[in-house]
Amino acid sequence: MPTDTPNNTCDNTYAEPQWQLGSLPPSVSLYVLAALVGLITGGCAFLLKSIIRWLSILVVNHFSIVGVNWALLIVPLAGIVLTVALQRYGFRRNIEHGLDKIDAMVKQKICDIPATYTYGPIMASTLTLGFGGSAGAEGPIASTGAALASQLGRWVGLPPRLMMIIIGCGAGAGIAGIFKAPIGGMMFTLEVMGMSMSTVSMIALTIACVIGGMTSYGLTGFTLDVPLTHPQYFDPHMSGWIIVLGVLCGVYSIFYYRMAGWTGTLLEKLRSPWVRALVSGGILSVLVFMFPSLYGEGYSTMANLIDGDLHTMTEFSFWHKQGMPTVETVMIVCGAVAAVKGVACAATNSGGGVAGDFAPTLFAGCMAGFFFGGLLNHLFGLQLPLGNCALIAMAGTMAGIIQAPLMSMFIVVEMTGYYGMMFPVVICSVVSYATVWCLSIRNKR
């Protein structure tokens with residue numbers, strides 16, 4: 001399969017653009033283009049979420065909530081194999097880890113992103129996630145947004161020095177659309193992709209992310225991805241324990257990162273793509289069979305767990321019994337799921353599947369937060385609200401693993417709608433980020 005080696009490089013230094021649309025001023029022309037990129041990318045985010053949901057429902061409807069579902073040993077494996085086949089024989093291009101490749105292109109000032117990335121990630125991630133891949137859709141849609149921006153920029157004759165800005169706008173709009181988090185999308189472009197800041201670039205990025213996020217939000221009926229029915233309130237007396245939770249999230253982030261890295265390295269040693277697909281799909285299927293909550297992105301599981309619906313962690317598995325499961329049982333399941341989530345995510349993304357790495361960190365944080373909160377309650381006789389711990393740890397774990405605390409803070413509060421939880425979310429994110437940084441520096445010495 002061909003490699004991504006475009007020959008068009010971009011000058012990353014910003015100068016007043018000479019390009020313009022019609023009689024519009026140059027800067028306004030760029031803003032119009034950013035708005036168009038945001039609108040199209042937001043619509044693509046809605047399309048991707050819709051078809052993944054449709055395929056997941058089609059598959060899951062054949063499962064039984066009570067008892068063992070042996071089909072889970074086959075379905076995720078089938079998804080990985082089908083995705084590999086689509087890439088090899090349909091696209092004739094390897095598009096897994098697409099966002100990493102596009103990020104590398106941006107850092108090398110390459111602005112000619114192959115057209116395959118405009119549609120390939122949407123089609124491939126539908127198979128991967130719809131059949132139970134344990135990852136997210138944000139990587140594929142960010143790749144699509146960046147590629148759409150690149151193609152649109154070339155079509156209108158955008159000069160190379162402005163292509164980097166519009167590509168960053170497309171990627172940010174993808175994140176904003178898939179999480180319905182405009183500020184989170186902006187922070188992604190600035191923190192993760194390292195887009196240079198100037199007045200013009202920031203205004204263009206803001207326009208693209210706001211329109212991308214609001215387009216997706218509107219098309220889904222103005223609903224949140226993690227809708228919470230029970231209000232979450234923060235007790236200031238918890239502040240000290242939130243710091244402890246942040247440290248635990250930081251330590252867990254290192255564990256998650258190493259488990260995912262170890263799994264990815266193991267799979268990369270398998271030269272044959274079909275052997276790699278079978279091995280990774282087999283690992284994923286076994287984990288999903290043992291813990292069905294690992295199936296797909298897991299947004300509904302996160303929402304239910306934060307709301308106190310403990311059934312969500314035991315449904316579709318041999319863990320499920322009649323009656324409400326005990327908090328202790330759910331704690332054990334959450335701890336086990338958190339322990340293997342990094343492996344499941346790496347098996348999805350490094351074995352031939354096409355998906356993202358961000359949503360899994362939110363899911364892992366939710367599981368770890370519930371487990372750590374329950375553990376602190378048990379050890380110290382506390383009464384920490386486990387729903388709060390799960391929600392706050394989502395940001396802490398994402399900040400620790402991705403090393404992007406600002407993006408993590410805003411994505412969590414925007415996708416849940418609980419802006420009143422910003423203070424503990426900020427504390428946990430910063431402490432987790434600092435913990436990972438300190439321990440990483442110590443290990444390097």
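Just so you know, glycine gets a Cβ as well, placed from its N, Cα and C.
TrEMBL does not curate its annotations; it predicts them automatically.
Annotated in TrEMBL:
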TRANSMEM  28-48  transmembrane segment
TRANSMEM  60-86  transmembrane segment
TRANSMEM  162-179  transmembrane segment
TRANSMEM  200-219  transmembrane segment
TRANSMEM  239-257  transmembrane segment
TRANSMEM  277-295  transmembrane segment
TRANSMEM  358-377  transmembrane segment
TRANSMEM  389-412  transmembrane segment
TRANSMEM  418-439  transmembrane segment
Fill in: Long-range neighbours of the transmembrane segment (277-295), counting only residues six or more past its ends (CB under 8 A)
56, 60, 63, 69-70, 72-81, 84, 132-134, 263, 267, 270, 301, 312-313, 315-317, 333, 336-337, 340-341, 343-344, 347-348, 350-353
Worksheet item: Do the transmembrane segment (418-439) and the transmembrane segment (239-257) share at least 3 Cβ pairs closer than 8 Å, excluding pairs fewer than 6 residues apart in sequence?
Response: yes
Worksheet item: Near the transmembrane segment (358-377), which residues from the same chain, at least 6 beyond its ends, have a CB less than 8 A from one of its CBs?
Response: 134-139, 175, 241, 244-245, 248-249, 252, 256, 297-299, 301-302, 305-306, 327-328, 330-331, 334-335, 337-338, 341-342, 344-345, 383-386, 388-398, 401-402, 411-412
Worksheet entry | Spatial neighbours of the transmembrane segment (389-412) far in sequence, C-beta under 8 Å, 6+ residues away | 175, 179, 181, 183-184, 187-188, 190-192, 232, 242, 245-246, 249-250, 252-254, 256-257, 302, 305-306, 357-358, 361-362, 364-370, 372-373, 418, 421-422, 424-426, 428-433, 435-437
